[in-house]
Amino acid sequence: MSVQEDGAAGPEPEILRRHDSLYGDAEKVSNNKRHGAGGSWARTLQLAFQSIGVVYGDVGTSPLYVYSSTFPNGIKHPDDLVGVLSLILYTLILIPMVKYVFIVLYANDNGDGGTFALYSLISRHAKIRMIPNDQTEDANVSNYSIEAPSSQLRRAEWVKQKLESSNAAKIALFTITILGTSMVMGDGTLTPAISVLSAVSGIREKAPNLTQSQVVWISVAILFVLFSVQRFGTDKVGYTFAPVISVWFLLIAGIGMYNLTVHEITILRAFNPKYIVDYFRRNGKEAWVSLGGVVLCITGELAVTEHCTIAKGEKNRTRKGSDSSHLRNVAGTEAMFADLGHFNIRAIQLSFTCVLFPSVALCYMGQAAYLRKFPENVSDTFYKSIPAPLFWPVFVVAIMGAIIASQAMLSGAFAILSKALSLGCFPRVEVVHTSNKYEGQVYIPEVNFLIGAASVAVTLAFQTTANIGNAYGICVVTVFSITTHLMTVVMLLIWKVRLPFIAAFYAAFGLAEFLYLSSILSKFAEGGYLPFCFSLVLMALMATWHYVHVKRYWYELDRVVPAAETTALLARRDVRRVPGVGLLYSELVQGIPPVFPRLVDKIPSVHAVFVFMSIKHLPVPRVAPAERFIFRHVVGADDAGHRLFRCVARYGYTDPLEGAKEFAAFLLDRLKVFVHEEAVFACSQRAGGDNDDDDEMRRAQAMAEEEKRLIDAEAERGVVYLMGEANVTAAAGSSVMKRIVVNYVYTFLRKNLREGHKALSVPKDQLLKVGITYEI
């Protein structure tokens with residue numbers, strides 16, 4: 001408890017100031033030492049090496065298919081190679097390096113990255129979430145507190161006011177966030193297909209009798225194995241990532257230098273951007289269409305930005321200019337933002353600028369030099385340009401690199417959906433945590449099956465990497481554009497950057513991404529529709545689930561049971577107090593849910609210790625266990641005989657839920673702490689700070705000890721979990737669309753996906769469900 005002293009002359013009585021029951025614990029952990037990138041260079045170099053395998057596997061394998069996708073109809077003019085190489089080099093410099101490595105990485109949310117992380121970061125500075133479950137105590141969570149916009153900066157205040165007062169702005173921000181997530185999932189169906197197929201296709205160089213269909217079936221077999229081993233978790237095979245990808249980068253850089261030396265060193269003139277202008281002048285619309293192939297050089301970056309996490313116990317700044325984020329990978333330029341290891345920003349920057357960029361740039365330059373002499377080999381540039389003695393080593397490492405790239409994408413997809421699930425934006429599915437060391441490594445069986453089936457279907461249907469390439473880029477570039485828009489809001493609201501810099505950022509990257517997106521959309525009918533339609537379906541499911549989730553919350557909020565009615569229920573003659581502890585789960589954090597009177601009507605009994613339990617996910621990655629619970633008395637602190645409590649358990653969107661037994665034990669321990677603190681506080685309030693009331697304080701502490709013993713005794717008699725089984729239907733007079741969404745789509749999802757008690761790991765023999773119907 002905090003103590004406040006009056007500053008007047010002479011000794012004054014001390015007055016206990018009432019805070020949230022965990023305010024003291026929150027203060028103890030809210031000043032974590034910020035480690036950031038300030039560690040030793042030896043540690044930074046180690047992290048940079050580890051990040052190579054986790055972060056860059058996908059973008060590193062892009063040279064397998066970029067030229068074949070850019071020139072599907074062959075090379076018409078020798079200088080077109082110089083123009084395309086120049087486009088590739090400046091695309092790598094502009095988007096992954098400048099935008100992501102040196103700007104976007106600083107906008108991580110306590111170490112987590114991606115569209116959901118940016119959305120949650122914005123939502124802590126402006127009330128843009130559509131579920132009204134904000135509590136003032138949330139700001140005391142150590143990862144939550146961020147400097148608010150200064151009243152002196154009118155622009156930031158104006159942006160905050162506009163976002164909070166406009167439903168359209170709230171809906172728009174949420175929509176582009178789930179669109180970005182859906183696009184990442186759409187990309188996740190294509191990354192394994194194109195990566196594995198492009199790597200396996202090289203075997204035809206040494207086995208020309210193999211048909212393309214046989215290559216496809218070999219790829220399908222590898223994909224089957226890849227998706228089958230996901231349940232074991234990334235950390236089981238992750239130790240090999242960095243060495244394999246490092247060897248890959250050394251090989252492609254060496255081959256690139258060899259081709260430059262042997263074939264045509266003058267290809268280096270591609271660093272002059274005038275060749276880009278010449279390329280567009282010479283080819284016009286065809287040059288614009290070819291941008292859809294060029295952009296594949298950075299599509300591997302998608303997963304790395306979608307998921308980053310700081311090392312346990314370390315906290316990063318979210319202000320630009322802070323070096324202190326410890327990132328973990330998800331999968332390719334969105335991939336830089338990342339989930340599999342713990343990497344600070346300096347390590348990511350070092351590995352990109354000193355390893356990835358030089359290696360892939362040399363590889364692309366070497367391939368261009370080779371194609372200047374052998375333009376007829378553009379459909380299989382990578383393997384044709386390999387010196388004969390190196391073919392088999394490169395082929396084997398290419399297969400391993402493709403698997404690693406796919407693994408990173410899948411790991412990112414699971415982690416992203418885990419975030420969406422915790423924020424109420426995705427139907428309940430089983431989330432398996434595959435690592436005791438890294439909480440962000442998860443496996444979702446249903447999603448793994450669907451993505452695996454889709455990847456196999458894409459491989460069988462499209463047959464070649466050129467065909468898959470037509471479909472590949474649309475999701476990635478859409479996410480790039482969404483990140484640019486969300487970053488602009490971050491710069492306006494949180495970083496408070498000068499307007500000229502914001503305008504330059506938005507114009508430069510917005511225009512570049514628009515050009516790439518418009519080019520990719522030109523191939524919509526040739527396969528681009530596939531991931532786009534997949535993403536729209538997933539987005540529609542997410543929007544449906546969240547829409548009903550919000551409506552249901554408002555329904556409960558409008559029908560909160562008043563304190564007087566709760567007292568009357570307990571006073572009824574037919575209502576008995578039965579032994580044990582009862583936990584009634586509800587999403588409502590502001591009061592007593594309407595399912596409680598129905599429970600008492602059906603079963604006229606209330607457990608001796610009864611807790612109205614709400615699980616709440618905050619827009620932060622993690623909540624420290626010491627800050628987990630907020631308790632309040634329901635009937636009143638002075639009427640302890642009722643022993644009715646409200647409790648909110650707060651989790652971050654990457655926090656795993658404990659098992660039921662561990663959760664109940666932790667909750668009851670914190671409940672006893674709350675009972676003791678409330679007794680001391682109430683006694684202090686009555687005493688008014690009088691130091692002669694020591695006897696009353698001792699009596700209060702004795703009563704608190706008795707209450708704690710009673711809680712222990714009731715816990716030994718058993719804990720019962722109660723849940724409202726809500727049947728949500730559209731209210732009479734609703735539109736046809738609303739009835740379809742609520743009565744059919746939502747009901748189908750709710751009945752066919754995971755039930756609430758399974759998501760919370762509640763034992764069936766301790767579960768009691770109460771049916772109730774909500775008309776929204």
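Glycine residues also receive a Cβ, built from the backbone N, Cα and C atoms like all the rest.
Whatever TrEMBL says is automated annotation, not expert-curated.
Per TrEMBL, the features are as follows:
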- 47-301: domain 'K+ potassium transporter integral membrane' (DOMAIN)
- 330-566: domain 'K+ potassium transporter integral membrane' (DOMAIN)
- 579-776: domain 'K+ potassium transporter C-terminal' (DOMAIN)
- 81-107: transmembrane segment (TRANSMEM)
- 215-233: transmembrane segment (TRANSMEM)
- 239-260: transmembrane segment (TRANSMEM)
- 350-370: transmembrane segment (TRANSMEM)
- 390-417: transmembrane segment (TRANSMEM)
- 447-465: transmembrane segment (TRANSMEM)
- 471-494: transmembrane segment (TRANSMEM)
- 501-522: transmembrane segment (TRANSMEM)
- 528-548: transmembrane segment (TRANSMEM)
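Long-range contacts of the transmembrane segment (501-522) within its own chain (CB-CB distance under 8 A, at least 6 residues past either end) are made by residues 91, 94-95, 99, 103, 288-292, 294-295, 473-474, 477-478, 480-481, 484-485, 487-488, 491-492, 528. Here the transmembrane segment (215-233) has long-range neighbours at 192-193, 196-197, 200-201, 203-204, 399, 403, 406-407, 410, 414, 432, 434-435, 441, 443, 445, 448-449, 451-452, 455-456, 459-460, 463, meaning same-chain residues at least 6 beyond its ends whose C-beta is under 8 angstroms from one of its own. Only sequence-distant pairs (6 or more apart) were considered; of these, at least three Cβ pairs between the transmembrane segment (350-370) and the transmembrane segment (81-107) are under 8 A, so the stretches are in contact.
Away from its own ends, the transmembrane segment (447-465) comes close to residues 64-65, 68-69, 185, 188-190, 192-194, 196-198, 201, 212-213, 216, 219-220, 223-224, 226-227, 230-231, 410, 413-414, 417, 429, 471, 527, 530, 534 of its chain (Cβ-Cβ under 8 Å, at least six residues beyond either end).
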